[in-house]
Amino acid sequence: IERQGGAPSLYQPSLTAGLASSPECACGRSHFTCAVSALGECTCIPAQWQCDGDNDCGDHSDEDGCMLPTCSPLDFHCDNGKCIRRSWVCDGDNDCEDDSDEQDCPPRECEEDEFPCQNGYCIRSLWHCDGDNDCGDNSDEQCDMRKCSDKEFRCSDGSCIAEHWYCDGDTDCKDGSDEESCPSAVPAPPCNLEEFQCAYGRCILDIYHCDGDDDCGDWSDESDCSSHQPCRSGEFMCDSGLCINAGWRCDGDADCDDQSDERNCTTSMCTAEQFRCRSGRCVRLSWRCDGEDDCADNSDEENCENTGSPQCASDQFLCWNGRCIGQRKLCNGVNDCGDNSDESPQQNCRPRTGEENCNVNNGGCAQKCQMVRGAVQCTCHTGYRLTEDGRTCQDVNECAEEGYCSQGCTNSEGTFQCWCETGYELRPDRRSCKALGPEPVLLFANRIDIRQVLPHRSEYTLLLNNLENAIALDFHHRRELVFWSDVTLDRILRANLNGSNVEEVVSTGLESPGGLAVDWVHDKLYWTDSGTSRIEVANLDGAHRKVLLWQNLEKPRAIALHPMEGTIYWTDWGNTPRIEASSMDGSGRRIIADTHLFWPNGLTIDYAGRRMYWVDAKHHVIERANLDGSHRKAVISQGLPHPFAITVFEDSLYWTDWHTKSINSANKFTGKNQEIIRNKLHFPMDIHTLHPQRQPAGKNRCGDNNGGCTHLCLPSGQNYTCACPTGFRKINSHACAQSLDKFLLFARRMDIRRISFDTEDLSDDVIPLADVRSAVALDWDSRDDHVYWTDVSTDTISRAKWDGTGQEVGIVGDTAFLESPAGLAIDWVTNKLYWTDAGTDRIEVANTDGSMRTVLIWENLDRPRDIVVEPMGGYMYWTDWGASPKIERAGMDASERQVIISSNLTWPNGLAIDYGSQRLYWADAGMKTIEFAGLDGSKRKVLIGSQLPHPFGLTLYGERIYWTDWQTKSIQSADRLTGLDRETLQENLENLMDIHVFHRRRPPVSTPCVVENGGCSHLCLRSPNPSGFSCTCPTGINLLPDGKTCSPGMNSFLIFARRIDVRMVSLDIPYFADVVVPINITMKNTIAIGVDPQEGKVYWSDSTLHRISRANLDGSQHEDIITTGLQTTDGLAVDAIGRKVYWTDTGTNRIEVGNLDGSMRKVLVWQNLDSPRAIVLYHEMGNVILVRSNLPGLWVRASGFLSFNIRQRYIQSSELLYNKKTQQPRAPGGTTVDTSSTSPLTGFNKCGSRNGGCSHLCLPRPSGFSCACPTGIQLKGDGKTCDPSPETYLLFSSRGSIRRISLDTSDHTDVHVPVPELNNVISLDYDSVDGKVYYTDVFLDVIRRADLNGSNMETVIGRGLKTTDGLAVDWVARNLYWTDTGRNTIEASRLDGSCRKVLINNSLDEPRAIAVFPRKGDPGEKGLIERANLDGSERKVLINTDLGWPNGLTLDYDTRRIYWVDAHLDRIESADLNGKLRQVLVSHVSHPFALTQQDRWIYWTDWQTKSIQRVDKYSGRNKETVLANVEGLMDIIVVSPQRQTGTNACGVNNGGCTHLCFARALDFVCACPDEPDGRPCFLVPGLVPPDPRATSMNENNPVLPNTLPTTLRSSTTRTRTSLEEVEGRCSERDARLGLCAHSNEAVPAAPGEGLHISYAIGGLLSILLILVVIAALMLYRHKKSKFTDPGMGNLTYSNPSYRTSTQEVKIEAIPKPAMYNQLCYKKEGGPDHNYTKEKIKIVEGICLLSGDDAEWDDLKQLRSSRGGLLRDHVCMKTDTVSIQASSGSLDDTETEQLLQEEQSECSSVHTAATPERRGSLSDTGWKHERKLSSESQV
């Protein structure tokens, strides 16, 4: 569409308009389409205006890319058509704005500390690879991707995130790759009863459900709130229960989370002050025709008269009709405006003569002249612009153009210069500034955590996690602190910037702290609270807190500080939205902006640019203004769904958006270059730029001495002001009062507050108290400055100092039962505490510390409420809410009780006494009145009878009466005599309760109780005259006839458990009142209870803590006697005569017994039980009576029986004969009841004084008694003595425990091994030599060991571990082996953790189980079962097909088969020792983890069934469950005396090695640790380098030359004596395995290597010793025939770890020196003497360990075979040597190797550790005499 005269056309496109090429914005063929503006407007200009050097579009889009020959010879022509001075070319500045003036320039020499850009610029080296495009061509950011650390996950885009963020349900990688290929989500655990579960699984406190706050972060806690409390006035309640501003109803925006505010709307909803948009939305009438599209459909800007001139660009002309054209078209003879205003005489346009020429007088132009369409056109040089006369030029003030320079700008004639503030430096473009210092980091709150992101790299790290609802935050860079507010916890917290040392700063008096700001100059913390409508300040630690601003504030939100100027700025999005400022001391308050605001959320200050920026979530805009509010301008007005917080750094803005869950950035001047920094966030809230330049240095006005102020020093302009904490008066210009003299004290359920009468502001201040849940009644005592309160949620009475210090929670109620303490009164004369209990219908009294509590009145009370005392007359007064409301009084000792008011009462609430006028005041919420009468009830009168909706608390002070009102949510006052002059002190306070005035002028009263307690032994109470006092006793104790002394205690009483405590009810007094046994521990679920009257102790079981405990009846000497192996102990009985305790366990279905101290525990019954519960003893008969059903508890005493009812919560008693019942009402949670009396015990102890002669347990029977042993231990043949420990047992781990199951007894009961500090135990092994258990703990990443009685626990390996899944002990060489699936290594060390060495670290994929010889399980991507030598050499794969997750592994030495469990294929398999003859033993097991073997059984642990099971190893049948219901089952092994025997070359003196000795198939090797330990390490056995300082080697493994064997191998071995020879014989294979000396690794040992003269002497002594032993053996007179059999040579001996779950023990026969133990064996062949491998059979063998003939008798059955004496002897100490070799189990190579071995005769030298060396431990140690009764045992 063309306008008249070719004037430009302006279009308002539809909402779907796209770019200029779109149909909506397309202009005609004869027109050029300008670029679409930020507001979506399209402009058309005549086509001939393009590239005419004139800015016709207003944005230069018609001139972009044009080459105009208009530059003078003195100028340089830029690629974009711009002309600049030629002297500016190649000066390093981008003057053309397209960098064309800096192209093809000779390279400039950069300094040493500069980085050369590809475009020739030089930048600081520190700016290289900092994520910022400083060069302009991005050449400084062409960097290699940084490596992620071991604890980071690399995203697909190369960025790094924390490892634990992978598959956590949160998209942390920008490309979402961290949440790809994740396993199915695990359902969120359910919340407990006191919590509400949000839609995404998070749990919040139930009290936050439907409270109007978005605590979940997704508003799910505010949906379906049908019972939600009404919204406040001026608010609209959504259908979901959410409250919003009433003005948002039917405004066209969906403000409710369910859009209910926009339903059922009519056109009349807009007010007279609003304009209704076409969409139905209401906007302010003042926004109509203001040039801004406030309706979002432009309907507020339609049909508007041209009331103002639109803004044209600086190089454009404004036509009369409001259009803009280029300046060059002015006076050009063409009607470009369309109204001829560009050619009018008013523009001084001279008539054209047609003779104008640039050659004559330069055409009249001041600078440049050009001919256009035959006419002269004047232009100007760069830096100038043409004036209105079209001839002269004037300087362009570039500094006036916003954003031309980043910070500072200085204009001069024809040019300008940009400069930067301190801490910044100009970039190479000479216009923008870069901050000096580290790379900037965006710090933002994410509700559940606080995170950091690098804006230029989008790298994402976690600072703090596991937060509740973090909203606002700020930081203190110099102190390295971060502060944040949590609106769920209502706390302000802080931590170090590394995430450590989290601590609370402000913990009370907060309701919705939405804004936070740190004054980094004066070290102050400011915050806003939209709930309390305040702005407060405090020191950085929260001290000296002060309400700074409280008037005319509605909903203050964001806050920002300018400490250098001493100013604070804040936003308020209440009914009158505005942005305000004041000095930092609260003075000089002023409005910055109050128009066109709705939800001003975020606020930030650009300190270098001296501007402020804010976001408005309702208007979807980001705006800026000067710090005084001037020059306000919208920066971004589109694409902002719900901006929340904003920060600025350098030239960029960063903001968070709730709707897009993202962090975004844009240019702070233009709003362009918008970019998403991070999206898919949880819920981004506040954001700040963490950089030192965001907190520039400033002058501290308070100096080093806090300005001389005693408390707060606050900056004010260029000075400072001393200020006092809230409520404290200022005594001079610098000092504050140290305490408060009078203040109003009131309870508000969740907190207790005070309003000081010492100051004028009357601001309420929260007393910092902990765990106040539902405070109701209050009182105070000025003598010790205590405040007392009752809490009806915790049912306690507590106290603290008036400032919150010295808090004592539960001085009453924590140790004694309260149900609903509603009233409270302090007798300041006798220091007594009186209270009413509406739950128990009692009035009680105690000392002010809660001691000596007693019941005063318990009859004819019906919901007593408030109570007051009058010590002058000795009376107390109380209100009663019951069926017959009344006000009563009685003496303070409960005497002279009478009703004084009983008519015209409904809900008598608060009471107050005017001691001067002797009046009693009360408030009645039902009658809605405040009345008074005389102290005797006479002269009753209504004081206030109107406008009292619901009065509750009442108090008097001076001439005023004060009260709280529930309905008006206010505290009010009036004249106490007339009721007039009413005032409101505070309003909008929810849950107001009791109220009092604290002062220091209570009247003194004289009483006899002051002098020596009135002669009373316990309580002295005030009473009416004339007596004035009386004595009384604590609850349950009688007063003796003297009227002053109490009996020492209860004579007879009931005792019962109430889950969280144990209580007693005295039977000595006329009323039933329970007293808590003051045991100073926390009980969770105390079920069963018993009493030992002999020692005065109470026993109880706690089924939640899983323990049985005891204590004295006075609560002292508490101890836990049983702490392991308990699940649900529902029944407990104490045998006070036999001194035993019995209990039932419904979880394990057992009945057990033990001594009273928990020792000698034994399972009595474990079969045919189904949920055993109650248990009683009949000691005289020796019987146990068991209640097996869920009957109510029952207990019989002499005259009757007692029962308790859980559902109806009472204890009943009844006489045995007459069925007369009495009842103790409301004993909540009562579980078990017992009776006790001080009478002597009847009956006698059948076991007598000597325990019946039993070594352990003596248990009575009807016919006498019997001796018994602790669980798992057998009774010896004498019937009285027990073994010290089981002989054979299973040892297994279950993450947090190590347990054993005896195989000697049939009950298979697990017994905990008391090893301390177990967290996540995976693997086990046992060393029988020292009697220690070794275990891995993957939570602590350590390997530890301990004795089996739990003592001597020590860490063996404490560093360098990641996930140690396998563990094995070499008890011969004293080495420890383990696998690490995290590091994919197999390592070894000495048993004490020294000499650590990596054996295998290649080709491993999550190695799991390990044994001393082979490496077993390998549950990686491809399962493997392998073996290797002990030094890691000669690896061989046994099984590598059809494997899933081979977990546990074990060997059967009798059948020479290997067994393993496969947790993926869910089966148990076996094969021979070469991986052949494979078969499935059990095909269906749930999830096996580890297994072991003993006798004919295979045992395994199962994760899914949570059990230990076993099966017959031959058939796979007879499957049995050994132990069930065990969580976290892990490793399992067998401990047996026959397991760890035998020796090898490393068994004597460590093989002569200095550090590590590894036995191999044919030899052994010495090795050095990976890290030197300071001791010389030598790889040749016995050859120790000279060291004059060393007198001995490792004391655990000394090398003793005189005890080394003279021969280490047979005659087939080589003899070497020098290290060079050893190196010379190193093969390529040994070098690869690291066995060569020159690689500082292990060296194979040969006989005689390195022997010197001392060894020769040792050899002679050894020979002499051998001869002596042989002579001794001759005494046995047994003939032993030895036959040379070439078909025999492969031996298998008991593996060096009894841990059969991971062991294969195939070793080849090693010719041993004579010093070693011997292995005697026979070989037999056929008559033809052809000893083929099919005929090889090792018959039997045993080392000559003792002189027991019985051992030799077992050998008589061995058949003698032909042959002769062997020339040499081969001996290996073993328990298992019955091994058959067949063609299926030995390959040809192995058989040939066996046939080549030379055999030797047995020697009787015994050097290996015997069982006797182990010692005898209390739980596991034993002395064992070896009895060989079978082939397998032999």
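Just so it is clear, glycine is given a Cβ too, placed from its N, Cα and C backbone atoms.
Annotated features, as they stand in TrEMBL:
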DISULFID  Cys71-Cys83  disulfide bond
DISULFID  Cys90-Cys105  disulfide bond
DISULFID  Cys110-Cys122  disulfide bond
DISULFID  Cys167-Cys182  disulfide bond
DISULFID  Cys198-Cys216  disulfide bond
DISULFID  Cys231-Cys243  disulfide bond
DISULFID  Cys238-Cys256  disulfide bond
DISULFID  Cys270-Cys282  disulfide bond
DISULFID  Cys277-Cys295  disulfide bond
DISULFID  Cys289-Cys304  disulfide bond
DISULFID  Cys312-Cys324  disulfide bond
DISULFID  Cys319-Cys337  disulfide bond
DOMAIN    418-433  domain 'EGF-like'
COMPBIAS  1603-1615  compositional bias 'Low complexity'
COMPBIAS  1811-1834  compositional bias 'Basic and acidic residues'
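The highest number of surrounding Cβ atoms within 10 Å, among the disulfide-bonded residues Cys216, Cys295, is found at Cys216. Fewest Cβ neighbours within 10 Å among the disulfide-bonded residues Cys110, Cys182, Cys256, Cys289, Cys324: that distinction goes to Cys182. A simple Cβ count within 10 Å picks out one of the disulfide-bonded residues Cys198, Cys304, Cys337 as the most packed, and that one is Cys337. The local packing around Cys105 (disulfide bond), expressed as other Cβ atoms within 10 Å of its Cβ over all shown chains, amounts to 14. Looking at Cys198 (disulfide bond) and Cys122 (disulfide bond), their Cα atoms lie 55 Å from each other. When other Cβ atoms within 10 Å of the Cβ of Cys90 (disulfide bond) are tallied across all protein chains shown, the result is 16.
Here the candidates are the disulfide-bonded residues Cys90, Cys243, Cys277. The one whose C-alpha lies nearest to that of Cys256 (disulfide bond) is Cys243. Cys277 (disulfide bond) has Cys243 as its nearest neighbour among the disulfide-bonded residues Cys90, Cys110, Cys243, going by CA to CA distance.
Highest Cβ count within 10 Å among the disulfide-bonded residues Cys83, Cys122, Cys231, Cys238, Cys270: Cys238. Residue counts for the domain 'EGF-like' (418-433) under DSSP, helix first, then strand, then coil, are 0 helix, 6 strand, 10 coil. Ranking the disulfide-bonded residues Cys231, Cys289, Cys304, Cys337 by the distance of their Cα atoms from the Cα of Cys110 (disulfide bond) places Cys337 first.
When the disulfide-bonded residues Cys122, Cys289, Cys295 are compared by Cα distance to Cys270 (disulfide bond), the shortest distance belongs to Cys295. Within 10 Å of the C-beta atom of Cys282 (disulfide bond) sit 22 other C-beta atoms, taking all shown protein chains into account. Among the disulfide-bonded residues listed here, namely Cys83, Cys243, Cys289, Cys319, Cys337, Cys83 has its C-alpha nearest to that of Cys105 (disulfide bond).
Taking CA atoms as the reference points, Cys243 (disulfide bond) and Cys216 (disulfide bond) are 16 Å apart.
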